[in-house]
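Visitor: Take this structure first; my questions come after.
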């Protein structure tokens, strides 16, 4: 049974009557995404009273937080997860990625549309719900955000994998501590980092969809340069839409000597060759698991990587490929989806 968001604040526009296409044109979140407009701090503070310690008033007299304060952003995430997804315990180690929940939720809702339009078509065009839908999250991190959003929004089952033992242990603890997640999410350690699907997808496994938010930097230096730009943009956009702000700043600082102002371990933020190398490996390996997955999908943060990946997928003989654009304020990104079989259509 689908878990419904709790205490969602009404917005001025009837976002549930918008189409996803309209939302993208307007730079807005997916119509089913509950994180529309400004955060309702009164509601969120009721869900997590600790948030009151971090709430401030902006020059317009509106409640907000200091989005440059990693502790405040972390508590805001805890409040969002408690209020909208019923997650009572959520915490991550120092130095690990604290993700922007509104943007992460958008990915899941667009994937639900993809399934509704292709492999799980309902007469009323509603997204498929329930534990018969099994999703695989590649690189779940310590936060397990995609399994949380997907299981609590649509009732799906998730297998979540990562190459980092601390991430796996933390994500598993989050899921085991929350009754709503315990039976819905299984966390697995990838013991051979050179592989993405091998060791994770078993011979008897079938996943309706794979989701992935890949490392997007090729080196620590590139990650640091991106962080510098992000901090500049955070200052420049101060006072604008809060969902956009959290997408720029909602990460926890690490312990590295470089003193990066965002969270994320090496494995979360950068890998040799960057995003294109990781996704090239993912695409090639997906061919070996074509019979085990309905749709392979991934975020592609760099637009210049889309065409090379499309060309590669054509060479690999995929049966169908889609680019799903997402827009959140001034930030645009996209989902690349492909599959090798279309027998279910």
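Positions of Cβ are set from backbone N, Cα and C atoms, glycine also.
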Visitor: Among 1-35, 36-70, find the range that Swiss-Prot records as region 'Disordered'.
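Guide: Matching range for region 'Disordered': 1-35.
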Visitor: Between 225-261, 262-298, 299-335, I'd like to know which one Swiss-Prot lists as region 'Disordered'.
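Guide: That would be 225-261, the stretch labelled region 'Disordered' in Swiss-Prot.
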